[in-house]
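J.: The structure that follows is given in the form of structure tokens.
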Amino acid sequence: MNFAEEEPSKKYCIKGKHVAIICGVVVAVGLIVGLSVGLTRSCEQDTTPAPSQPPPEASTALPPQDQNVCPDSEDESGEWKNFRLPDFINPVHYDLEVKALMEEDRYTGIVTISVNLSKPTRDLWLHIRETKITKLPELRRPSGEQVPIRRCFEYKKQEYVVIQAAEDLAATSGDSVYRLTMEFKGWLNGSLVGFYKTTYMEDGQIRSIAATDHEPTDARKSFPCFDEPNKKSTYSISIIHPKEYSALSNMPEEKSEMVDDNWKKTTFVKSVPMSTYLVCFAVHRFTAIERKSRSGKPLKVYVQPNQKETAEYAANITQAVFDYFEDYFAMEYALPKLDKIAIPDFGTGAMENWGLVTYRETNLLYDPLLSASSNQQRVASVVAHELVHQWFGNTVTMDWWDDLWLNEGFASFFEFLGVNHAEKDWQMLSQVLLEDVFPVQEDDSLMSSHPVVVTVSTPAEITSVFDGISYSKGASILRMLQDWITPEKFQKGCQIYLKKFQFANAKTSDFWDSLQEASNLPVKEVMDTWTSQMGYPVVTVSGRQNITQKRFLLDSKADPSQPPSELGYTWNIPVRWADNDNSRITVYNRLDKGGITLNANLSGDAFLKINPDHIGFYRVNYEGGTWDWIAEALSSNHTRFSAADRSSFIDDAFALARAQLLNYKIALNLTMYLKSEEDFLPWERVISSVSYIISMFEDDRELYPMIETYFQGQVKPVADLLGWQDTGSHITKLLRASILGFACKMGDREALGNASQLFDSWLKGSASIPVNLRLLVYRYGMQNSGNEAAWNYTLEQYQKTSLAQEKEKLLYGLASVKDVKLLARYLEMLKDPNIIKTQDVFTVIRYISYNSYGKTMAWNWIQLNWDYLVSRFTINDRYLGRIVTIAEPFNTELQLWQMQSFFAKYPNAGAGAKPREQVLETVKNNIEWLNVNRQSIREWFASLP
């Protein structure tokens with residue numbers, strides 16, 4: 001699975017000056033905002049432009065009514081009270097038939113599950129949620145004899161349906177199986193999980209598509225099943241659908257036949273063994289384009305007929321990366337075909353269903369005339385990510401969700417190798433620093449982080465671990481591991497692992513064993529210290545080559561021994577170091593409590609670079625004199641260090657300063673050379689690193705203008721060099737968008753003037769905006785010169801355009817307006833799926849929170865509408881759980897109190913338990929940070945000539 005893009009590709013965002021002064025009691029804040037939103041809606045609703053064409057209508061159909069065939073029960077007399085399924089009940093095959101009643105927003109189905117029993121029982125239980133059993137289940141012995149059913153009931157606490165037989169069920173042996181048959185029905189609307197329907201426009205007509213999304217625990221919403229990843233089975237799937245539709249599933253079509261004049265039945269080939277979360281089927285009226293892999297496998301991309309051209313790039317990148325992975329893993333793709341399909345409203349970024357990968361449109365469809373280079377890279381990365389899963393995740397699946405990183409960390413790591421193979425000039429092997437390593441090091445330096453391998457025991461806990469630790473930290477430690485044991489032995493170890501556990505389940509220890517076999521190195525001993533405890537170390541260098549380690553935490557007052565770890569927050573660190581152009585690795589044993597000395601041959605003032613290219617998942621702190629030397633070296637000739645090293649210096653220094661391990665004056669000195677910096681990697685990290693300071697001081701009327709003036713000067717030379725013409729290489733276009741966006745953010749008049757001029761020309765219809773400048777022009781043009789007419793025009797363009805990537809940019813532009821009445825109206829539009837798709841609700845809230853005028857409004861809107869959001873998305877929705885992190889920039893005691901009060905009012909956090917911990921910790925740290933650091937930072941900026 002790939003995350004939806006909750007945040008823009010750039011961490012920094014528009015934050016102008018606040019013009020409102022908060023006054024009055026705290027209680028009044030919520031009331032005022034609530035009233036302003038309501039009054040604005042009632043006064044302004046008539047000015048919202050009508051769609052240029054009738055939008056797809058949201059269904060008002062009700063879910064199927066419970067017929068009480070298997071009524072609810074709180075009976076806890078059996079093992080079904082446990083969260084995990086029992087080991088003695090194991091499915092081996094599903095015969096699944098589903099009928100999609102597209103016009104009625106519902107479906108019916110029948111499933112027969114072949115089950116092995118390793119011990120006698122009278123009770124069978126399996127997962128179900130929301131879907132209803134419509135007929136008493138039927139159970140047959142291996143002989144075919146029917147077993148009388150005493151009763152069935154739903155045990156909703158653990159999302160089970162329990163079937164109790166009237167007779168003993170003996171253990172099975174060999175190929176003998178029990179056959180459990182259940183008829184069921186479900187609702188096709190109401191959410192973006194399970195089997196659901198969404199709509200789109202085609203030539204002015206409303207069209208429908210229905211598809212599944214099952215990871216991690218939503219297959220049980222589509223059909224009754226043993227919904228755990230280690231309950232692998234084969235599947236024979238049939239879909240009955242209106243004759244004008246077609247059907248897809250994991251496997252190729254076996255046959256298609258008319259049931260009657262209106263209905264067609266499509267039957268698919270029996271599958272290989274796979275987990276329930278990978279089962280997929282779709283009912284559609286799309287068209288496909290096709291490529292063939294080098295091994296002869298058909299690779300198809302299904303899209304709306306009028307979007308066919310936008311699927312070409314995805315088809316091409318699929319072919320190139322697919323062939324690369326078949327070679328790299330030395331294992332042919334296991335299924336006869338691989339399809340991809342773009343779903344018009346899709347909750348996550350993409351889902352790796354075996355043989356039928358589903359995508360959000362922004363992550364699959366690319367128009368070279370309308371999409372930005374960043375969009376192209378996003379498509380390539382997500383396609384590669386999902387292709388990795390066809391091996392890591394699908395062929396070999398983690399045994400339980402505590403080892404989710406075996407799926408997601410691996411996909412996040414290998415996606416960069418795959419795209420690097422296909423797009424060799426994109427610097428993808430360095431961009432992993434920007435996308436994964438640096439961001440997750442910030443997350444993992446909080447006390448509220450969690451280990452890579454983490455115990456999960458509820459659906460909410462399972463969905464919550466689909467986070468940066470599983471994805472990005474997983475990728476980061478694999479990058480370090482590959483460097484330590486060498487890429488060749490790492491590749492061999494992956495091949496051993498895939499072959500040994502093909503069509504089966506594995507644990508983290510199994511992967512370590514495979515790599516040890518390939519490398520003859522103590523992989524488990526080293527790597528368990530990185531996966532079984534949270535956090536990471538800072539390596540402190542003294543005397544140029546003596547190093548010690550300790551846990552790195554952003555909160556300098558936190559107890560580094562908490563929560564308790566058997567390893568005591570010490571790590572076995574593969575320390576790469578370079579002297580005189582020679583690079584070596586020394587494994588720093590965690591038991592060396594006094595530190596170690598690197599065997600370097602240093603002469604004169606030679607510099608020993610620890611962690612070159614930030615290859616290891618740790619930070620490095622040098623002595624003050626060494627940091628001064630680095631700053632001087634950057635100013636005199638920054639190219640003596642690689643772009644990755646320059647990024648690493650900056651990221652480490654600002655993180656160390658934030659943790660009070662380094663004076664901010666030293667960190668800020670590293671930015672003095674930036675007038676000479678022309679590379680993408682360092683600038684991206686500078687912008688991200690200083691964004692924290694910018695965010696903390698945006699309301700400081702004395703200090704913020706100093707910050708603006710300084711960074712305007714630092715960015716201007718490269719901004720002038722790049723200009724406003726959309727030309728150059730892929731990397732140059734990414735750099736230009738970042739640099740000009742940062743110049744606008746820092747209030748550069750020339751940059752804002754150019755953005756406004758392009759925006760105004762676009763409003764007048766006299767000129768189009770260059771594709772790679774559109775996002776920043778929509779944002780800063782709207783901020784700088786946007787009014788109600790401009791906002792309405794932008795909304796009209798959002799409703800007219802069919803390209804999802806363009807829609808996303810326009811959503812950000814709408815969120816950048818200064819007019820709070822328009823922002824209030826925008827927030828209320830989130831309740832209308834005819835205007836804002838369900839998939840985009842949390843994206844828009846986040847965009848509004850990046851606007852200084854919308855930050856508090858967005859947070860208060862969430863509080864006022866929490867019951868509505870929970871009702872619409874459920875408390876276990878990971879995106880609802882994470883939306884509270886929009887409060888991370890808050891830095892006052894009042895704001896902290898408001899957050900604590902809100903969380904106390906709604907104590908059931910569901911999938912948001914960990915995000916709540918993280919945002920509270922962050923805001924507390926922000927308050928302390930301001931008290932400690934404002935003076936030294938002010939002195940540094942005030943001392944500038």
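Cβ atoms are placed via backbone N, Cα and C, with glycine included.
Bear in mind that the values here come from a model prediction, so they are computed numbers and not experimental data.
So Swiss-Prot lists the following for this protein:
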type	residues	note
TRANSMEM	19-39	transmembrane segment
REGION	43-77	region 'Disordered'
SITE	D213	site 'Binds calcium which modulates its enzyme activity'
BINDING	E215, G349, A350, M351, E352, N353, R878	substrate binding site
ACT_SITE	E386	active site, proton acceptor
SITE	Y471	site 'Transition state stabilizer'
J.: For a quick check of understanding: among the recorded positions G349, Y471, which residue's Cβ has the most other Cβ atoms within 10 Å?
T.: Y471
J.: Rounded to the nearest Å, what's the C-alpha distance separating E215 (substrate binding site) and E386 (active site, proton acceptor)? Just drop the number here, would you?
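T.: Rounded to the nearest whole number, the Cα-Cα distance is 13 Å.
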J.: Using all protein chains shown, find which of the recorded positions D213, E215, E352, E386 scores highest when you count other CB atoms within 10 A of its CB.
T.: E386
J.: If you skip the near sequence neighbours and keep only those at least six away, which residues in the chain come within under 8 angstroms of M351 (substrate binding site), Cβ to Cβ?
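T.: Once residues fewer than 6 apart are set aside, M351 (substrate binding site) is near M1, N2, D213, H214, E215, C280, V357, T358, Y359, E386.
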J.: Take the Cβ of A350 (substrate binding site) and count every other Cβ within 10 Å, whichever protein chain it belongs to.
T.: 25
J.: Using the alpha carbons only, what distance in Å do you get between N353 (substrate binding site) and Y471 (site 'Transition state stabilizer') once rounded?
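T.: Distance between the two Cα atoms comes out at 18 Å.
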J.: What span in Å does the substrate site cover, taken as the longest CA to CA distance among E215, G349, A350, M351, E352, N353, R878?
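T.: With E215, G349, A350, M351, E352, N353, R878 as the binding residues for substrate, the largest Cα distance is 19 Å.
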J.: Within its own chain, what residues at least 6 apart in sequence put their Cβ under 8 Å from the Cβ of R878 (substrate binding site), listed in sequence order?
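T.: In sequence order, T463, S464, F466, D467, A911 meet the Cβ cut-off.
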J.: Using DSSP reduced to three states, classify G349 (substrate binding site) as helix, strand or coil.
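T.: The residue in question, G349 (substrate binding site), is coil (DSSP, three-state).
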J.: Hey, how far is G349 (substrate binding site) from Y471 (site 'Transition state stabilizer'), Cα to Cα, in Å?
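T.: If we compare the Cα positions of G349 (substrate binding site) and Y471 (site 'Transition state stabilizer'), the gap is 13 Å.
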J.: Can you check what DSSP calls D213 (site 'Binds calcium which modulates its enzyme activity'), collapsed to helix, strand or coil?
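T.: Reduced to three states, the DSSP call for D213 (site 'Binds calcium which modulates its enzyme activity') is strand.
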J.: Give the distance between the Cα atoms of E352 (substrate binding site) and Y471 (site 'Transition state stabilizer'), rounded to the nearest whole Å.
T.: 15
